[in-house]
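**Student:** Pasting the relevant annotations from Swiss-Prot:
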ACT_SITE  ASP314  active site, proton acceptor
BINDING   LYS22, SER23, ARG27, SER170, SER171, GLN172, SER198, ASP314, ASN337, LYS341  3-phosphoshikimate binding site
BINDING   LYS22, GLY96, ARG124, GLN172, ARG345, ARG387, LYS412  phosphoenolpyruvate binding site
Amino acid sequence: MNSITLKPIRYIEGEVNLPGSKSLSNRALLIAALAEGTTRITNLLESDDTRHMLNALKLLGVEYTLSEDRTECTVVGNGGPFHTKEPLELFLGNAGTAMRPLCAALTLGSGTYVLTGEPRMKERPIGHLVDALREAGAKITYLENEGYPPLKIEADGLKGGEVRIDGSISSQFLTALLMAAPMARGDMQIDIVGELVSKPYIDITLHIMKQFGVEVRNENYERFFIKGGQIYQALETFMVEGDASSASYFLAAAAIKGGTVKVTGIGKTSVQGDVAFADVLEKMGAKVEWGDDYVSVSRGELNAVNMDFNHIPDAAMTIATTALFAKGTTTLRNIYNWRVKETDRLHAMAMELRKVGAKVEEGEDYLTITPPVQLKHAAIDTYDDHRMAMCFSLLALDPVSVTINEPECTAKTFPTYFEVLESISSY
């Protein structure tokens, strides 16, 4: 097994240019592929997840050119849904941002498709999306377990109409349906069942659809109306914002052991909800400064928080490890959807925090964390989850070193993460 041991970091200071956002990169690639015209996408994230989307688009006949460093992609739009004569199997790894949106998009055209992925992908639910697509006229079959990939899609277009979708597990299901809805034959009304999680991710989807020429009427995140029979219109250039979830590690590091860290590529006008992570650090006691395209954080005396983190589930993971450096007991509430991510993150986080000496209570949808007087050295298991590896790297900010098992899992969103962290660290 591969592992790296991070030696104790004395001080953090510097500037980080963020890689492109995973959420925006894969949405932009798919919409550009469905659009009429050619779109140049800049600051694209180079990662496993985008690679899976690009491979799928190539198999679907989409033409694109990639720059040498794979951060710029010129996509020749298909001018509407995909039509294929031969049955196609698409392997999507563990990329939820490829699996869910493609599942919806492929129902719009014609052809037979099998969507599959890594073993963990087969444990990640997709039933709420499939139920909604079936209501809109899609023919989708589960090939192994009911409610989970792999799936077989026999595409013949979506009729539209009134569709209900459960919003309580993952916002990606609604994102997938929204992105496909304009190309249904008729108008679509989407009614949300249950409380919609991760609303800021829906804002990302609506923002990108609007840039490609499609308006959605949003009634308080309870009901959405989309006109059918539309085609997305290509953009000359679409610039992908920096990844706000990835920013969280560097900002937290500054709050714990700064100095000041400035991250560029996101700022006060960012469309990503995860920029609110900086507000949480400020609440804990760090000093935060905002610009249009940067956020900077400086060290402060950190105190525990008790908060609902439903709006920023990915960045909230970073708060769980930051809590080890705060005074008091931190409570993260309303984070059930951690359980259906790359791994069961609630359970994984509780297990690994206990290894370093924290007192942890793991509830169905919450976590309480009381830091120990002194952290213990531990070998942290990452569960093939990029965010586990990056969150626990913050433990190097303690005088005790930390070992991260299988650190290469950061390739999912941030292949150069450990090099970038080192570049702003003094030992």
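We number each residue from 1, going along the chain as drawn.
Heads up, the Cβ atoms here are built off N, Cα and C, so glycines get one too.
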**Student:** Could you tell me the C-alpha distance between LYS22 (3-phosphoshikimate binding site) and LYS412 (phosphoenolpyruvate binding site) in angstrom, no decimals?
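**Tutor:** Per the Cα atoms, LYS22 (3-phosphoshikimate binding site) and LYS412 (phosphoenolpyruvate binding site) stand 9 Å apart.
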**Student:** Closest of the recorded positions to ARG345 (phosphoenolpyruvate binding site), Cα to Cα, picking from ARG27, SER171, SER198, ASP314?
**Tutor:** ASP314
**Student:** I'd like the Cβ neighbour count for ARG27 (3-phosphoshikimate binding site), meaning other Cβ atoms within 10 Å of its Cβ, all protein chains included.
**Tutor:** 26
**Student:** Quick check: in three-state DSSP terms, what is ARG387 (phosphoenolpyruvate binding site)?
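**Tutor:** DSSP assigns ARG387 (phosphoenolpyruvate binding site) to helix.
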**Student:** Between GLN172 (phosphoenolpyruvate binding site) and SER198 (3-phosphoshikimate binding site), what C-alpha distance do you get in Å?
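**Tutor:** SER198 (3-phosphoshikimate binding site) has its Cα 9 Å from the Cα of GLN172 (phosphoenolpyruvate binding site).
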**Student:** Which secondary structure state does DSSP assign to ARG124 (phosphoenolpyruvate binding site), in the simple three-class scheme?
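**Tutor:** Assignment for ARG124 (phosphoenolpyruvate binding site) reads coil.
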**Student:** Tally every other Cβ atom lying within 10 Å of the Cβ atom of GLN172 (phosphoenolpyruvate binding site).
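**Tutor:** Around the Cβ of GLN172 (phosphoenolpyruvate binding site), 26 other Cβ atoms lie within 10 Å.
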**Student:** Sort out for me which one of SER198, ASP314 has the most neighbouring CB atoms within 10 A, since those are the recorded positions we care about.
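**Tutor:** Sorting the candidates by Cβ neighbours within 10 Å, the top entry is ASP314.
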**Student:** Given ASN337 (3-phosphoshikimate binding site) and ARG387 (phosphoenolpyruvate binding site), what distance in Å do their CA atoms have, once rounded to a whole number?
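**Tutor:** The separation of the Cα atoms works out to 14 Å.
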**Student:** Any idea of the Cα spread of the 3-phosphoshikimate site, LYS22, SER23, ARG27, SER170, SER171, GLN172, SER198, ASP314, ASN337, LYS341, as a max distance in Å?
**Tutor:** 20
**Student:** If you skip the near sequence neighbours and keep only those at least six away, which residues in the chain come within under 8 angstroms of ARG387 (phosphoenolpyruvate binding site), Cβ to Cβ?
**Tutor:** SER245, ASP314, MET317, LYS341, GLU342, ARG345
**Student:** Show which residues of the chain containing ARG124 (phosphoenolpyruvate binding site), separated from it by at least 6 in sequence, have their CB under 8 Å from its CB.
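**Tutor:** Looking at Cβ-Cβ distances below 8 Å from ARG124 (phosphoenolpyruvate binding site), excluding near sequence neighbours, one finds ASN94, GLY96, MET99, TYR148, PRO149, VAL340, LYS341.
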**Student:** Got a sec? Which of these binding-site residues, SER171, ASN337, has the most Cβ atoms within 10 Å?
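**Tutor:** For the binding-site residues SER171, ASN337, the Cβ with the most other Cβ atoms within 10 Å is SER171.
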